[in-house]
Amino acid sequence: MGQKIHPTGFRLAVSRNWASRWYANNRDFAGMLAEDIKVREYLKAKLKNAAVSRILIERPAKNARITIYSARPGVVIGKKGEDIENLKKELASRLGVPVAVNIEEVRKPEIDAKLIADSITQQLEKRIMFRRAMKRAMQNAMRLGAQGIKIMSSGRLNGIEIARTEWYREGRVPLHTLRADIDYGTSEAFTTYGVIGLKVWVYKGDTLGRNDLPAVETPRPEEERRPRGPRRDGRPGGDRAGAGRGPRRPMGGNAAPADGSDKPAGAGGTDATAVKRVRKVDAPATAADGKGE
């Protein structure tokens, strides 16, 4: 199950949040969703060289707020903010409402799944060996704090006639664990031999809730230990008998008595008289009852 399903959709409302956050009734929902898809396609094509990781779209009260997560915010903003102003006007004309655009910088693009996939596809389009590009990306991700990474490429690798799939993994990638923070990204490389698809899974650790906070384990309180008394052999030991317990039963209380009786020792009390049982044995008879003499 966890190996096949989309990692982000599998964790929605558990440890992941939606990329489009707004509410609409049944009449307007389809149209607004189509607008979101067109806006994402437009931004993907326009900001192709800006290393865009993800796009968040919000629609509060007849407005729109779009947050762009990019590893190169300077490319999105442009000189003196000219590009960002033109981008706001274009998005406002497409959505029909005032649009506010926020730019968030991605601090570590080496452990972002989408940016890793885009970087590998750019190298494949420049005729770089796919194994070298994949292993280099894995080494950079593990060096900068990723706990696990898996990269899969499929298509006519190295220009061979028969398409195949190859994947490499380093560390651990628990796809079925809901609390695991799995970043997933895809990309496509358009080469002269055909299209090569890239899939990247990055495991960044465990999270609590949808705030992407690191999981903090609360230490268990140490058990209270009672002071230990001296042991029988003189070494310092522990008094294993609990406080308030009665005297222990003597060893061998249920053992068979030495006199051969079938009652446990001490069952009749100290004043009881011990009765010894004697087994009666018949005397052997003579050969002719004494008449043979």
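Heads up, residue numbers simply count up from 1 along the chain you see.
Heads up, the Cβ atoms here are built off N, Cα and C, so glycines get one too.
These come from Swiss-Prot:
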{"type": "DOMAIN", "residues": "39-107", "note": "domain 'KH type-2'"}
{"type": "REGION", "residues": "210-293", "note": "region 'Disordered'"}
{"type": "COMPBIAS", "residues": "219-238", "note": "compositional bias 'Basic and acidic residues'"}
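For the domain 'KH type-2' (39-107), DSSP puts the residue distribution at 33 helix, 21 strand, 15 coil.
On the 0 to 100 pLDDT scale, the domain 'KH type-2' (39-107) averages 92 in this prediction.
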